[in-house]
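Student: Heads up, here are the entries from Swiss-Prot:
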BINDING   83, 182  heme b b562 binding site
BINDING   97, 196  heme b b566 binding site
BINDING   201  ubiquinone binding site
TRANSMEM  33-53  transmembrane segment
TRANSMEM  77-98  transmembrane segment
TRANSMEM  113-133  transmembrane segment
TRANSMEM  178-198  transmembrane segment
TRANSMEM  226-246  transmembrane segment
TRANSMEM  288-308  transmembrane segment
TRANSMEM  320-340  transmembrane segment
TRANSMEM  347-367  transmembrane segment
């Protein structure tokens, strides 16, 4: 009799995706982040569900309801901080996952990569709307500043912003719809992640060498299930250290002040994981130009397969491209730092130079370096 896991219609899908899946024998820990992102998503949906049971999406009571969760609900404080810091872990894993894709040329799986970029945008939208919900000062002013960027769109901009607000300013209608979207989007993300996985399993995983690994495959279980469990334990350890020892480390103190439309905080800034894009936005003096640069800073990932000029897929055997990649990482860290600084000398010029470097490396230096490497190898 055939094994039930291979014959049952539902079990068969799970089996082909997580048990008998042929995987390359040499994938490193950089391939752990996909499963970690899945765990982050499940964790966020569960903690979010329990928070939603006690939260009220109304401008008069939103801030109080979050305080109530932390003070009066059984283990409410840990659920709230796991959700807030879980978002940070989510983005750490996301950046590592995308960085892995760039380094090892995983973007050559076009459908998988494009759905990944759509997922990145969706997660960023979800995180932004979630940050508005506690209705603190930074929630309110962050929502005002970011939604206002859409007014830079010619002709329809102002109407679009007022349509999103549901009025003439960020108010009750805005908060209610942001809560609705923040609740539904994670489920859309889960569905997209399954499509992401579906397309990945059409081609099989890439590996560090970038060479086809059809000749040397091993079953996903037990080799990579045990490896993923180790990664998950380490991530949960890091998350719980953050939650239990310094839950407010990555938050903004301004968000412990209830939202006040009459009082603008001295420095409006988003959560740390958006700071690099925020720095790029601020480095361009023109409003529309800044918005375009902001969108392009992420959308540029879509063009990675077109910018790939090397005859090799991975950067494993390309030292010059490796140097450029790590300069790009350093540049992104610089942008993240600048995004959190006030708009004054010398931060303005550093931000502008780092923004130029970001686009220069991706659009010019990497393709040129790849071509030079091809010529050095007489290819």
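Cβ coordinates come from backbone N, Cα and C, glycine included.
Context for these features, please: burial, neighbours, distances.
Tutor: Long-range Cβ contacts of residue 182 (heme b b562 binding site) within its own chain (separation 6+, distance under 8 Å): 48, 126, 129, 130, 133.
A C-beta separation below 8 Å, combined with a sequence spacing of at least six in one chain, links residue 196 (heme b b566 binding site) to 112, 115, 116, 119.
Residues within less than 8 Å, Cβ to Cβ, of residue 201 (ubiquinone binding site) and separated from it by at least 6 positions along the same chain comprise 16, 17, 21.
Packing against the transmembrane segment (77-98) from elsewhere in the chain are residues 30, 33-34, 36-37, 40-41, 43-44, 47-48, 50-51, 66, 69-71, 116, 120, 123, 127, 130, 235, 238-239, 242-244, 247, 250-251, 271-273, 301: each is 6 or more residues past its ends and has a CB under 8 Å from a CB in it.
Sequence-remote contacts of a segment are chain residues at least 6 beyond its ends whose Cβ falls under 8 Å from one of its Cβ atoms, and for the transmembrane segment (113-133) they are 55, 57, 62, 66, 87, 90-91, 94, 98, 101, 106-107, 139-140, 142-143, 146, 174-175, 178-179, 181-182, 185-186, 188-189, 192-193, 195-196, 199, 270-271, 273-274, 298-299, 301-302, 304-305.
Tertiary proximity for the transmembrane segment (226-246) is limited to same-chain residues at least six positions away from its ends with a CB under 8 Å from its CB atoms, namely 29, 32-33, 35-36, 39-40, 78, 81-82, 85-86, 88-89, 93.
Here the transmembrane segment (347-367) has long-range neighbours at 279-280, 282-284, 293, 296-297, 300, 304, 307-309, 321, 324-325, 327-328, 331-332, 334-335, 338-339, 341, meaning same-chain residues at least 6 beyond its ends whose C-beta is under 8 angstroms from one of its own.
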Student: Determine, to the nearest whole angstrom, how far the Cα atom of residue 83 (heme b b562 binding site) is from the Cα atom of residue 97 (heme b b566 binding site).
Tutor: 21
Student: Could you list the residues of the same chain, at least six apart in sequence, whose Cβ is under 8 A from the Cβ of residue 97 (heme b b566 binding site)?
Tutor: 33, 34, 37
Student: Ten-angstrom check, please: count other Cβ atoms within 10 Å of the Cβ of residue 83 (heme b b562 binding site), all chains counted.
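Tutor: The Cβ of residue 83 (heme b b562 binding site) has 21 Cβ neighbours within 10 Å.
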